[in-house]
């Protein structure tokens, strides 16, 4: 199971009601951050998320509301004597922007900070998950991300085991490790005695973007699409590099992702006003507040939890 935690759901600037963008994904004992707007450290304290559990941070682009929370996060990690390296991933220019941040004050981190500039073709593989990057359209180098939980093996099939003349026992753990073993003179393969694989969750985060086909393509068969919907309607739009609620809903329908989350709300709207208008346009959408959580069991059940 993974858990998606919304640390900041607004865009552009904080309001008394919500902070700027940051999303945490919890898998096992690890926390992965996507965007770190100013004030994210305080949001983490409220959500009871330890900075020490963060191994990787993914930045969509370098507008302030998406990355200015990094200095406070890094300095707190150092204050707590962190030794493990921190990996930060982002688009073209990441190394320069982050080095400038680290040089802006009397501060030296207690751990290595490894910056990875990635492109829209990057596919990063880790122990329990993968992260894919794709290019979006925001007027500056900008990425969206796919978080893909690795598929799990199917359950042991007792009927198949007995058909091989075997009984359940300790050998099953050895088979899990080795994938193929010899038992009682028989070669047994893990795939022969287990059911179909359980598909892992697929969470897609658009970052800031105007409508673009890449989001649709990378969201196909997704479990959850988190798409920016800065403006309620076309009349409110201030620029051409953001998305309206109606546009985000159309993108979701084309992608056939299971669930849609509308994110990065303009500070001009109260939560109540935005939610009412959003649900009148796209009744199936999830509109989270800061600190709301979504639990996902594989590619199946999606449980939205109000804080």
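Glycine residues also receive a Cβ, built from the backbone N, Cα and C atoms like all the rest.
Listed in Swiss-Prot:
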- 61, 63, 138, 208: Zn(2+) 1 binding site (BINDING)
- 65, 66, 208, 264: Zn(2+) 2 binding site (BINDING)
- 65: active site, proton acceptor (ACT_SITE)
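Secondary structure at residue 66 (Zn(2+) 2 binding site), as computed by DSSP, is helix. Within 8 Å of the centroid defined by the CB atoms of 61, 63, 138, 208, the record's Zn(2+) 1 site, lie the Cβ atoms of 60, 62, 66, 139, 140, 142, 207, 209, 241, excluding the listed residues themselves. Close to the recorded Zn(2+) 2 site, the chain also has 11, 12, 20, 21, 35, 37, 60, 61, 63, 207, 228: residues not among 65, 66, 208, 264 whose Cβ is within 8 Å of the site's Cβ mean position. The CA atom of residue 61 (Zn(2+) 1 binding site) is located 14 Å away from the CA atom of residue 264 (Zn(2+) 2 binding site). Considering only the binding-site residues 65, 208, the Cβ with the fewest other Cβ atoms within 10 Å is that of 65. The two recorded residues, residue 66 (Zn(2+) 2 binding site) and residue 208 (Zn(2+) 1 binding site), have Cα atoms 9 Å apart. Here the C-alpha separation of residue 138 (Zn(2+) 1 binding site) and residue 65 (Zn(2+) 2 binding site) works out to 14 Å. Long-range Cβ neighbours of residue 63 (Zn(2+) 1 binding site) (same chain, at least 6 residues apart, Cβ-Cβ under 8 Å): 140, 208.
It is 66 that, of the binding-site residues 61, 66, has its Cβ surrounded by the most other Cβ atoms within 10 Å. According to DSSP, residue 138 (Zn(2+) 1 binding site) sits in a coil region rather than a helix or strand.
Within the group of binding-site residues (138, 264), the Cβ with the highest number of other Cβ atoms inside 10 Å belongs to 264.
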